[in-house]
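Engineer: My questions will all concern the structure given below.
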Amino acid sequence: METDVTSDTVEVLPQHKFDLRSLEAYLNQHLPGFGSDSRAVLTVTQYRSGQSNPTFFLQKGSQAYVLRKKPPGSLLPKAHKIDREFKIQKALFSIGFPVAKPLLYCRDASVIGTEFYVMEHVQGRIFRDFSIPGVSSAERAAIYVSVAETLAWLHSLDIRSLKLDKYGTGVGYCKRQVSTWTKQYQASAHQSIPAMDQLSTWLMKNLPDSDSEECLVHGDFKLDNIVFHPKECRVIAVLDWELSTFGHPLTDLAHLSLFYYWPRTLPMINRGSHIPENTGIPLMEELISIYCHRRGIDPNLPNWNFFMALSFFKLAGISQGVYRRYLMGNNSSEDSFLTANTVQPLAETGLQLSKRTLRTTPPQADAKSQLFAQSRRGQEVLTRVKQFMKQHVFPAEKEVAEYYAQSGNSAEKWGHPLVIEKLKEMAKAEGLWNLFLPAVSGLSQVDYALIAEETGKCFFAPDVFNCQAPDTGNMEVLHLYGSEQQKKQWLEPLLRGDITSVFCMTEPNVSSSDATNIECTIQRDGGGYIVNGKKWWSSGAGNPKCKIAIVLGRTESPSASRHRQHSMILVPMDTPGVELIRPLSVFGYMDNMHGGHWEVHFNHVRVPASNLILGEGRGFEISQGRLGPGRIHHCMRTVGLAERILQIMCDRAVQREAFKKKLYEHEVVAHWIAKSRIAIEEIRLLTLKAAHSIDTLGSASARKEIAMIKVAAPKAVCKIADWAIQVHGGAGVSQDYPLANMYAIIRTLRLADGPDEVHLSAIAKMELQDQARRLTARM
């Protein structure tokens, strides 16, 4: 059915061979025009793609046809009803809907062994790959628009006018689908797949309230079941109506949208969330919008996760049935055996989607992101993060605060309350996990910067999305510089959230603002290294899940420069000689939530040589790669925290009175509010510019911008927090409000990753160098 039929057909499979002379004799007698050229020879080839009902291309002289038949052998009940295909195509063709013209139906199984029907061959283009290679972005977009509009047309048909009596029940379609595909799967299963059983149970318990909606549904509506005009982006035939009936229209729309969530473990296509920008392929929300506009319905579709989960469940059931026919020897395609490995990942994807809240309208771009544009995926993920924060994270703040208030004197204070662990599982199921790492999330630094701002509004939110420091920086180190063994042993469990980590750099006995002062040693000893030294401000070391430390220490080489004297090495926390000495308070706060900030001693700690990261003398090189994106994350979380502080300040200013006036009516308070808004906008833009520079130029070329935000953001937000405390009076420094804790968190950022003064000196040096280059260029 493509322009080049030979590329899509093969010799008839042995199990599907039939009597050609019998077929030819029957068609000569019953199909008008078939025998017009008595000298022409009938040739028959089989389509590769027919996995359910075998499909054949018939050629006789200038005449071309397509034959569909039932597969031979024992069949599942109510499956392979090709008479229904013929009936629906005949009805649709009569009203001008794009289908191949049905020509005849044969119920006499003696002709070729089973019932069959013949239709016209439609000459056109069929795209087997959802990315539609070989066409322009504009044409690709037009093709998808045509697909969505054709589906909307189908669902808008008046089913009564089609005169398809008893073609389908309609009402209760979703429930019947779950029941039918559960039975079909169970009848053909060759092994136990728990995800299929769990998904079946979930679907039956979460049927949509709108299950009474009915229209004509295709049942397998997807790109490779559509024939397009040879030159135009126009649908000229929709194929394969085997599963058509009266049912819920969103089942078709969800089936069309499968590729957006396709499991990466399956080789057919890549996961749609990583569809490249500017390819013309619409976002799922855009595709839905086109469909809904054509039908005149609201694009905010309820229960979308149900319909997506049902589509994956159904496809998993179909795949299981195809494999069963392969085992029985009556498969319709030579590669049917491959479907055995698709059932489980399809079911697991459906189960994951069942736990997610899926939006069906395009995200509205925030005005603050327009100067440094987000990707389409960045907009979509940010919208979902905001929704998740509103629905789940902010409502949990009180419970989390009470947990740490009550566990202050127990060992549990360094761990997480159950509610955070539940939120983490929910975020992972929603796909809102490891968003900070571009290679995993597909997000740019600008994309993630805006997400970091949102998570900065709640002190435990980064942990919910597995985007907390210092783990983000440590995971970046392992991703960029770790060996395959190091990634497998430590990066993978960190990415899963099974463990946490600590970064050990700062030392109590030296001025660590000059990192070359570091005294901790990493000495080669036979087949390993021995680590000796004292570290402090090792954040997260007290977390019960903290299993690995990245330690910066000296591996002196007399011939190397002062910045090639240090290395980084992995030290498991349970290695003999690793000792947690004491937690360090910050303005009296222990920062239990993040596992505290600890003094850690390494006393003759021996680790294998394979634990060294990248090589001896590469420590500062790794640090620069680690700290660039990390400072973006810190500063944008600070922007988010500033927004929260300003909100608290404004609430207080509106509610309280002093000297017979609301606080905001006092000019000094009004000015604090105004200056706060100005400062927030300034540091947001400066940080987004730094993120944009990393995206476009790389971390090395963005050093000045990164240093500037590291100075500007914490300093500005400290001032905003101070104003907010003033507005609250004594309450501002009490436990009744979070402002004192917020101030403590922000104030430490003026020291973390280097004090302001170090960054200011670096900025001045880079500025003078830039000015000198400009002067030289002018001369």
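Cβ coordinates come from backbone N, Cα and C, glycine included.
Annotations per Swiss-Prot:
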type	residues	note
MOD_RES	LYS163	N6-acetyllysine
MOD_RES	LYS166	N6-acetyllysine
MOD_RES	LYS175	N6-acetyllysine
MOD_RES	SER210	phosphoserine
MOD_RES	TYR323	phosphotyrosine
MOD_RES	LYS368	N6-succinyllysine
MOD_RES	LYS390	N6-succinyllysine
BINDING	503-513, 537-539, ARG656, 726-730, 755-757	FAD binding site
BINDING	SER513, GLY628, PRO629, GLY630, ARG631, GLY754	substrate binding site
MOD_RES	LYS765	N6-acetyllysine
Engineer: Can you give me the Cα-Cα distance between LYS175 (N6-acetyllysine) and PRO629 (substrate binding site) in Å, rounded to a whole number?
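Structural biologist: The separation of the Cα atoms works out to 48 Å.
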Engineer: Within 10 Å of SER512 (FAD binding site) by C-alpha distance: pick out those among the recorded positions LYS166, LYS390, PRO629, GLY754, and say none if nothing qualifies.
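Structural biologist: The recorded positions passing the 10 Å Cα test are GLY754.
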Engineer: Among the binding-site residues listed here (PHE503, PRO629, GLY729, ASP756), which has the Cα closest to the Cα of LYS390 (N6-succinyllysine)?
Structural biologist: PRO629
Engineer: Kindly assign LYS390 (N6-succinyllysine) to one of the three DSSP-derived states: helix, strand or coil.
Structural biologist: helix
Engineer: How far is it from PRO629 (substrate binding site) to LYS163 (N6-acetyllysine), counting Cα to Cα, in Å?
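Structural biologist: About 63 Å separates the two Cα atoms.
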Engineer: Identify, in sequence order, the residues in the chain of GLY630 (substrate binding site) that are 6 or more apart from it along the sequence and have a CB within less than 8 Å of its CB; answer 'none' if there are none.
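Structural biologist: Non-local contacts for GLY630 (substrate binding site): ALA469, THR472, GLY473, GLU476, ASP753.
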Engineer: To the nearest whole angstrom, state the Cα distance for the pair SER538 (FAD binding site) and SER210 (phosphoserine).
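Structural biologist: SER538 (FAD binding site) to SER210 (phosphoserine), Cα-Cα distance: 54 Å.
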Engineer: Please report the distance from the Cα of LYS765 (N6-acetyllysine) to the Cα of GLY628 (substrate binding site), rounded to the nearest angstrom.
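Structural biologist: Between the alpha carbons of LYS765 (N6-acetyllysine) and GLY628 (substrate binding site) there are 18 Å.
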Engineer: Between THR506 (FAD binding site) and SER513 (substrate binding site), find the distance joining the two CA atoms and give it rounded to the nearest Å.
Structural biologist: 8
Engineer: Determine the C-alpha span of the substrate site listed in the record, that is the greatest distance between any two of SER513, GLY628, PRO629, GLY630, ARG631, GLY754, in Å to the nearest whole number.
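Structural biologist: So the maximum pairwise Cα distance among the substrate binders is 19 Å.
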Engineer: By the count of other Cβ atoms within 10 Å, pick out the sparsest of the modified residues LYS163, LYS166, LYS175, LYS390.
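Structural biologist: With the modified residues LYS163, LYS166, LYS175, LYS390, fewest surrounding Cβ atoms within 10 Å: LYS166.
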Engineer: Using a 10 Å cut-off on Cβ-Cβ distances across all protein chains shown, tell me which of the binding-site residues (SER512, SER513, GLN726) has the largest neighbour count.
Structural biologist: SER512
Engineer: Rounded to an integer, what is the Cα-Cα distance in Å between GLN726 (FAD binding site) and GLY754 (substrate binding site)?
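Structural biologist: Distance between the two Cα atoms comes out at 29 Å.
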Engineer: Roughly how many angstrom lie between the C-alpha atoms of GLY729 (FAD binding site) and GLY754 (substrate binding site)?
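Structural biologist: Approximately 32 Å lies between the Cα of GLY729 (FAD binding site) and that of GLY754 (substrate binding site).
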Engineer: Across all chains shown, how many C-beta atoms besides its own are within 10 angstroms of the C-beta of LYS765 (N6-acetyllysine)?
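Structural biologist: Its Cβ has 12 other Cβ atoms within 10 Å.
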